[in-house]
Amino acid sequence: MVGVGTDVHPFQTGRPLFLAGLEWPDEVGLSGHSDGDVAAHAACDALFSACALGDLGSQFGTSDPRWRGASGVALLTEAAQRVRAAGYEIGNIAIQIIGNRPKFAPRRHEAEKVLSAAVGAPVSCAATTTDGLGFTGRGEGIAAVATALCVRVR
């Protein structure tokens, strides 16, 4: 089963930036009920989509205070556990981050290691810009798209 997930958050001054499981010092953070980690959130959505388990909002809704301020890594770890509990194994997740900053390439391998450990399966990350187009191009926020491959095992 293949699932696709997306997430988008605007920048919010006064918050730390968490992206792809990493904290990015000296960067403006993203708004959100949790830590705003668009890469981790898109990966969660992709997992839930692949296994027909709803989406990030239905699994970790803003009405549930347990998830307020939660890290994207914690959400992704929990998402992977729920997918396995539903009878699926995770093959891999691929994440594409869309935004002008931070410069992702220098920390890509570090992010992949953290996210792979959270999922218990390979996670690859890439980043791109929109060449000045749209809200990410204007530097107003960051978006991410993820694809997950899951296999029913029971």
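Counting starts with 1 at the first residue shown.
Glycine too: its Cβ is placed from the backbone N, Cα and C atoms.
Copied from Swiss-Prot, the annotated features are:
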| type | residues | note |
| --- | --- | --- |
| BINDING | Asp7, His9, His41 | divalent metal cation binding site |
| BINDING | Asp7, Val8, His9, His33, Ser34, Asp55, Leu56, Gly57, Thr128, Thr129, Thr130, Asp131, Phe135, Arg138 | 4-CDP-2-C-methyl-D-erythritol 2-phosphate binding site |
| SITE | His33 | site 'Transition state stabilizer' |
| SITE | Thr129 | site 'Transition state stabilizer' |
Over all shown protein chains, what is the count of other CB atoms within 10 A of the CB belonging to Thr128 (4-CDP-2-C-methyl-D-erythritol 2-phosphate binding site)?
11
Among all chains shown, work out which of the recorded positions Ser34, Thr129, Thr130 has the most CB atoms within 10 A of its CB.
Ser34
Using a 10 angstroms cut-off on Cβ to Cβ distances, just flag whichever of His9, His33, His41 is the loneliest among these recorded positions.
His33
When DSSP states are folded down to helix, strand and coil, where does Thr128 (4-CDP-2-C-methyl-D-erythritol 2-phosphate binding site) land?
strand
Using an 8 Å cut-off from the Cβ centroid of Asp7, His9, His41, can you name the remaining same-chain residues around the divalent metal cation site, in sequence order?
Thr6, Val8, Leu30, Gly32, Gly36, Asp37, Val38, Ala39, Ala40, Ala42, Leu56, Ala143, Ala144
Using C-alpha positions only, work out which of the recorded positions Asp7, His33, His41 is nearest to Thr130 (4-CDP-2-C-methyl-D-erythritol 2-phosphate binding site).
Asp7
Cβ neighbour count within 10 Å of Phe135 (4-CDP-2-C-methyl-D-erythritol 2-phosphate binding site):
16
What is the Cβ neighbour count of Leu56 (4-CDP-2-C-methyl-D-erythritol 2-phosphate binding site) at a 10 Å cut-off, with all protein chains included?
24
I'd like the Cβ neighbour count for Asp7 (divalent metal cation binding site), meaning other Cβ atoms within 10 Å of its Cβ, all protein chains included.
25
State the Cα to Cα distance, in Å, between Asp7 (divalent metal cation binding site) and Leu56 (4-CDP-2-C-methyl-D-erythritol 2-phosphate binding site), rounded to an integer.
9
Pairwise Cα distance for His9 (divalent metal cation binding site)/Ser34 (4-CDP-2-C-methyl-D-erythritol 2-phosphate binding site) [Å, integer]:
11
Separation of alpha carbons, His41 (divalent metal cation binding site) and His33 (site 'Transition state stabilizer') (Å):
11
